[in-house]
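Colleague: Right, I'll just put the structure down here and ask away after.
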Amino acid sequence: MVWFKMMSAIEWAEKYRPRTLGDVVGNRKAVQDLRKWAEEWQSGIPEKRAVILYGPAGIGKTSSAHALAGDMEWEVIELNASDQRTAGVIEKIAGSAASMNTFFGGKRLIILDEADNLHGTADRGGMRAISGIIKSTLQPIILIANDIYGLTPTVRNICLEIKFGSVQSRSMVPALKKVCESEGVSCSQEAVLQIAENAGGDFRSAINDLQAAANGKKALEAEDISTAGRDVKENIFKAMQKIFKSTDCKRALESAYGLDESPEDLVHWIDENLPIQYARKDGDLEDIKTGFGYLSKADIYLGRVKKRQNYRMWRYASMLMVCGAALSKTRPYPGFIKYQQPSLWRRLGQTRSRRDMRDNIASKIGEHSFESMHYSRNNLLGFYSILLKDEASAVELTANLGLELEELMYLSGSAKVSKKLQKIYDEAQNLLETKRDRTEEQEFFKAPAPAADDKQATLHCPVNIPEKEGNASAEKPESPGPQSPERKQKTLDLGFDTPQKLPEKKRSSEMKLPENPEPAENNLFSLSEPLPEKGPIPDFAGKKSLPELEEEKPSLSPLKKMSPANKEASKQGVKQGASEKGSPAADTQGGMEDGSKKAEPKNQKTLFDF
């Protein structure tokens with residue numbers, strides 16, 4: 001047997017991978033069928049352009065595909081589970097490779113490993129793309145799968161199926177001895193045989209166990225090998241055979257517990273194959289009736305598991321379905337039976353696209369009618385199907401729901417696109433385009449017009465602040481208001497739309513206040529006129545003095561005005577009362593009459609204290 005070596009740092013399973021089909025251990029019949037299919041490509045395109053290699057893991061399926069490429073001198077393009085295998089990726093890589101010849105005119109082998117694991121969002125549409133590529137490929141394609149039923153019936157029907165079985169222990173022993181010799185490890189016959197038996201038909205696992213046992217050793221004996229064995233999952237078809245052929249409930253349950261199947265899945269397998277196994281030529285259905293009686297009771301427990309979320313009831317359901325199927329027969333049923341995959345799963349796979357479309361339509365109807373998708377699917381789909389029969393309302397209904405042409409076909413119950421449906425769909429698209437243009441136009445006119453200047457116009461109120469003498473050269477912040485040649489102004493921003501930064505306060509040492517500022521209640525001057533630096537307050541109220549303005553104020557009583565005599569008497573009374581109390585009110589009043597000095601009120605803030 002020819003083996004090739006690579007770097008010693010890698011695993012032995014990779015280091016001693018077979019280079020040709022003659023190096024493959026076991027499965028001689030499968031290898032011969034694979035070679036025969038490859039030779040048909042030498043004379044043209046065969047009837048089956050793709051082949052499916054299926055069987056348990058670790059028995060040489062992928063190695064056989066690469067060994068075939070080595071024998072035929074084909075280039076290899078491989079996609080495995082670590083790659084994203086959506087429809088777009090498969091069509092881009094495998095599709096382009098399958099439709100073009102190589103530069104030198106040879107063949108190119110396309111290998112899709114773990115093809116039965118095309119599930120989920122990451123591989124959406126991958127199986128459909130594979131089916132389309134196989135039908136039109138100009139290059140050989142090999143699909144590798146552990147479970148043949150993980151592939152769709154469409155793919156299986158257009159491919160050649162080649163089954164790889166578990167490798168027998170006696171076939172592994174010579175190959176394992178060859179590996180020991182190449183690595184310089186002395187292995188006894190008993191040790192190698194023990195490793196082969198513990199592998200459970202998985203040759204790759206046997207090589208890995210040999211490498212682990214021989215690590216750091218020059219000799220390997222049977223005592224160095226663990227006898228625990230591997231936890232090998234039971235094959236579903238072998239388990240079905242043990243369940244239906246057995247008359248021992250315990251043995252049947254052990255086969256069921258070794259399966260990688262839940263009781264919800266196992267009940268469908270038994271339901272599908274029980275009438276096939278217990279079918280009698282004389283037409284007696286008593287065994288089938290008894291078996292389905294136990295199966296119905298098991299289904300009741302499975303329903304309680306879902307309803308109560310009590311998974312301990314799985315034990316009772318498994319016992320009823322397995323033991324009931326095994327013990328319901330009244331006589332043995334010899335002969336080979338080809339067990340079938342549950343037909344319910346096949347029907348669900350075939351109708352998956354239609355169920356997805358139904359749910360999508362129900363979701364659109366629920367959004368439009370403010371109902372849940374479940375309610376719309378069960379109660380409103382038929383009603384909307386009736387509405388679509390009227391062509392006038394069908395156009396608006398299609399536009400409002402946003403239905404696609406395939407969804408329109410589903411609601412109308414049509415298997416193909418008719419002229420009527422195409423017309424409804426086209427008019428609905430035109431209606432949507434018109435509504436879209438109208439909405440954009442309304443949004444355009446609702447939008448505010450852009451400002452002429454980047455800075456919005458704001459209300460400015462100039463306030464004159466006297467400069468400190470001898471500090472005329474000090475820098476002042478610029479103001480958008482008008483500037484006086486004698487004094488610079490600071491403006492107070494009173495804009496309401498976009499608040500502006502307020503001017504910095506002047507320190508008290510930089511401000512020169514008037515000697516006699518007017519109290520706040522008498523400040524009637526306009527803020528837009530400059531303040532005097534010295535001297536009396538100018539006349540800001542239409543050329544009238546404050547005493548004259550006081551006389552024009554309305555009296556407290558609207559019925560009677562104070563006469564000049566009463567006014568003079570009131571002033572004299574104020575003077576007399578102030579003099580009796582020793583208050584300087586008389587001096588203050590006198591100062592107000594002659595327009596001279598005015599007393600500054602205590603604790604009274606002026607305009608400059610902002």
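Cβ coordinates are placed from backbone N, Cα and C, and glycine is handled just like the others.
Pasting the feature list from Swiss-Prot:
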type	residues	note
BINDING	Gly55, Pro56, Ala57, Gly58, Ile59, Gly60, Lys61, Thr62	ATP binding site
COMPBIAS	467-478	compositional bias 'Basic and acidic residues'
COMPBIAS	502-515	compositional bias 'Basic and acidic residues'
COMPBIAS	594-603	compositional bias 'Basic and acidic residues'
REGION	467-610	region 'Disordered'
Colleague: Note down the number of other Cβ atoms within 10 Å of the Cβ of Lys61 (ATP binding site), including every protein chain shown.
Modeller: 26
Colleague: Validating a neighbour-count step here. Other CB atoms within 10 A of the CB of Gly60 (ATP binding site): how many?
Modeller: 24
Colleague: Let me know the most crowded of the binding-site residues, choosing from Ala57, Ile59 and counting other Cβ atoms within 10 Å.
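Modeller: In terms of Cβ crowding, the pick is Ile59.
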Colleague: List the other residues in this chain whose Cβ sits within 8 Å of the Cβ centroid of the ATP site residues Gly55, Pro56, Ala57, Gly58, Ile59, Gly60, Lys61, Thr62, in sequence order.
Modeller: Asn146, Phe164, Asp202, Arg204
Colleague: CB neighbours of Gly55 (ATP binding site) within 10 A?
Modeller: 22
Colleague: Which one, from the binding-site residues Pro56, Gly58, has the smallest tally of other C-beta atoms lying within 10 Å of its C-beta?
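Modeller: Counting other Cβ atoms within 10 Å of each of the binding-site residues Pro56, Gly58, the minimum falls on Pro56.
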